[in-house]
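Structure first, commentary second.
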Amino acid sequence: MAETEERSLDNFFAKRDKKKKKERSSRAANAASGAGGSSAAAGSRPGDGGSLGSGARSGDGGSLGSGSRSGDGGSSGSGARSGDGGSSRSGDGGSAGPAGKAITKDENEWKEFEQREVDYSGLRVQAMQISEKEDDDNEKREDPGDNWEEGGGGSGAEKSSGPWNKTAPVQAPPAPVTVTETPEPAMPSGVYRPPGARLTTTRKTPQGPPEIYSDTQFPSLQSTAKHVESRKDKEMEKSFEVVRHKNRDREEVSKNQALKLQLDNQYAVLENQKYSHTQYS
């Protein structure tokens, strides 16, 4: 892998060096052709020895320059220049043709991007002062889509009549409802009371000592326990009847029923029979 990478790098740099050499040769050829054109232009004046200079520089018309006469100047000079210029230009064009094609191929293969350096040191920056109205106007001009949506589509001339352009009447906002909050009663600090106990006011009654011998406060499971009347028992007797012994009521009811049966004269018929027997006897 290392050898292949080195070969690829060597090939890359070799191609780059070839490209630079070809660019230098093409620049030299262009400079030579430019110099030949300038010398030909200088020797085209009539009456001065232009043919001699042109023949010496081009190398093609040396014989023409030596055989020309100084007296006639205009015709010989023009003939020498035209011949020299034609040969030199055609020769330069022929030599520059294949080199130009090779350069274009290399440029297509390797394109080097040279960033252009721009000097901004001479710029003078000033503080921008733009009002808000101008900003809004510029935004409206730059964003026609927003105006299209807000205005219902385009300008007034572009609007078309139809059911889709009917604007709904603007409804007035409802009046704000004022909610009156009832102030909560002041709570005593340090004591928590549930909501149910906050509203009810309880009066504290004087509470005496507990009645130890009362069955209501201290009920006993013994059937032979003595019942001691207390103040609460007396108060309860005033309102309703207190049943102290479960069998007493039944005994009283049975006695009453027995008395009622005894009060009935069940032997009245027998007594009449006795009286009748006594009479017959």
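Don't overthink the numbers, they just go from 1 along the chain as shown.
Placement of Cβ uses the backbone N, Cα and C atoms for every residue, glycine included.
Cross-referencing TYR120, TYR275 with Swiss-Prot, the residue annotated as phosphotyrosine turns out to be TYR120.
Note on proximity: among TYR120, THR205, TYR213, the modified residues of the record, the Cα nearest SER8 (phosphoserine) is that of TYR120. For the modified residues TYR120, TYR213, the ranking by surrounding Cβ atoms (within 10 Å, all protein chains) places TYR213 first.
Each residue contributes its Cα atom, and for TYR120 (phosphotyrosine) and THR205 (phosphothreonine) these two points are 98 Å apart.
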